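Have a look at the structure below before the remarks.
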Amino acid sequence: MSRKCHVKAHVDVEHDGCRPFKCDRCPKAFLQRSWLTKHRRVHAGMHIYKCTSCSLDFPRRTMLAAHVRTHSDEVCFRCELCPKGYTNRQNLTRHLRLAHGEQTV
């Protein structure tokens, strides 16, 4: 993190638990109003980021980016216990649990 304000935001969210902006549709809460505004897109069905490969759409650019990797053969997450590799961390975590019996934190 290059800026002091980003460090403060990180500490506030991850370590102090200060999240004053609460979603009125689910239990989520956010440090910044803009984060809540982006989150509300999920409930509103505002999926403005569209995959050019399969036309699925997503409410956040980060969700689209994670999805786009599923169309790629690029393996970003490799198992350290066997030759398997995955395009996202969630699939690697599931593999570790099911194939190797590992519990993750």
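Counting begins at 1 with the first residue displayed.
Glycine too: its Cβ is placed from the backbone N, Cα and C atoms.
TrEMBL: automatically predicted annotations, no manual curation.
According to TrEMBL, the protein has these features:
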- 21-48: domain 'C2H2-type' (DOMAIN)
- 49-74: domain 'C2H2-type' (DOMAIN)
- 77-105: domain 'C2H2-type' (DOMAIN)
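Secondary structure by DSSP for the domain 'C2H2-type' (49-74): 11 helix, 4 strand, 11 coil.
Across the domain 'C2H2-type' (77-105), the prediction's mean pLDDT works out to 87. Across the domain 'C2H2-type' (21-48), DSSP helix (H, G, I), strand (E, B) and coil residues number 12 helix, 4 strand, 12 coil.
The DSSP breakdown of the domain 'C2H2-type' (77-105), given as helix, strand and coil counts, is 12 helix, 4 strand, 13 coil.
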